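Okay, structure first, notes after.
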Amino acid sequence: MVIRVISERRLRNYGMAGGTVPGLLILLLINARRTLGSSAANRCFCQVAGSLDDCACDVETIDAFNSDKLFPGLQELLSSDYFRFYKANLNKPYCAVKPCPPYSSVANEDAEECEKAEKLGAVNSTLSKETQQALLEWNRHDDEADRFCTADDEDSPDSEYVDLLLNPERFTGYKGPEAWQIWNSIYEENCFKPHAVKRPLNPAAAYSGREMPPGPFHHGADVLMSPLSGLCVEKRAFYRLVSGLHTSINVHLSARYLLSDSWYERKWGHNITEFQQRFDEELTEGEGPKRLRNLYFLYLIELRALAKALPFFQRPSFQLFTGRPEEDGKNRRLLVELLRVAKSFPLHFDETSLFAGNRKEAMKLKEDFKLMFKNISRIMDCVGCFKCRLWGKLQTQGLGTALKILFSEQQIENLPRSQGTRGTFQLSRQEIVALFNAFGRISTSVRELQNFRRLLAEVH
């Protein structure tokens, strides 16, 4: 602990001139609190500075660029009708959600917690008749357009449009062994990784007699793997993307936490303790700051994809169709301007470092990437919290769309300029909505880190 020299003038400011013992003790406590606050911030952000691994970029450049140039316009775009409605099938039969247990004298508290999580995690699927009619028009317009590929949810009769603005990503109370198993499956089945693992295979056994760590959508401290030394750049990148997505989700849950719940009001805000449980260096065995760095890596990948996609969105034939020409034109201009800003970023990720080796091996790795993202989306269908499932599926599809763009550079460059000519590269409405909303989540997470830095520095 650093003890500062306390001046006579400062003592007078506190009414303690003469250096009385109580006065000195109070000032020592004040300075100790400040030191502890600074330490709390340092334990989460000690490695979240300077250059990033496998990149030419640094954290500070990303923070400034995101806050000053991208974030405000991106939020405006995502509030428009085109981007606020996402089509999803949240009722896949092969992953039935277990109902809450019945009340009993023994399990009363658990049942109450479960019912609360059910309510917080429920999806508000309310749509006005006017909106339902507009969405039918959108579908007719999209069906007449050339389509390159479709996701399962787009054509499923069980899919429905969800208003994302009515269902913000935030804390839901979803936790426990079932929640842990989701991310365990994602990492075990889909991530290239070393064999050494820094987490228990059976969390219930490992935490027997102690409180279970937060569920994986709430980022338990022991979920992520050990350092990725020995893996090729492509496999490291894939792992860091999944880790960055996981981190982004948990930043949101910590930033929009249910602080109080009464019959007249629910209060949401930043929960410093939850953030520390996920990212404090000491509480996560050194993994927390690495997770935050992976969030910045994910930001760079998706930012690069947006910049690469500019020619596709600049085509005269491209529309953000909602049936209101004036508004559609305004939003298209805003989108193109945002992509130009994204392209102006001075330290883009160099995707040519990926898949640059043996051509046969590179093609196999690309195919592995695609299959893994499809499987991650299927695993998201088993998330027991519907709102978590919604945002998990959207962000997985958004990241998959970003990789599709990065893998299709030549097709994008060769897109025909004239109307009525079909190119080999296409993005569906669903992919576009997922791409921009996923990046919006990451952009918000990066911005929230600045808020947590400030709050942790003020911890008493």
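The chain as shown is numbered from 1 upward.
Backbone N, Cα and C atoms are what each Cβ position is placed from, and that goes for glycine too.
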### Query
Based on what TrEMBL records, which one of Cys382, Cys385 is disulphide-bonded to Cys388?
Cys385
### Query
Which has the fewest other CB atoms in a 10 Å radius around its CB: Arg170, His246, Arg278, the listed binding-site residues?
Arg170
### Task
Please find which two of Arg170, Thr172, Trp183, Ser243, His246, Arg278 have the most distant C-alpha atoms, given that the record lists them as binding FAD, and give only that distance in angstrom, rounded to a whole number.
21
### Query
C-alpha of Arg170 (FAD binding site) to C-alpha of Cys388 (active site): distance in Å?
9
## Note on the structure
Cβ atoms other than its own within 10 Å of the Cβ of Ser243 (FAD binding site), all chains, total 25
### Query
Distance between His246 (FAD binding site) and Cys388 (active site) at the Cα atoms, whole Å?
12
### Message
Can you give me the Cα-Cα distance between Cys388 (active site) and Trp183 (FAD binding site) in Å, rounded to a whole number?
### Response
12
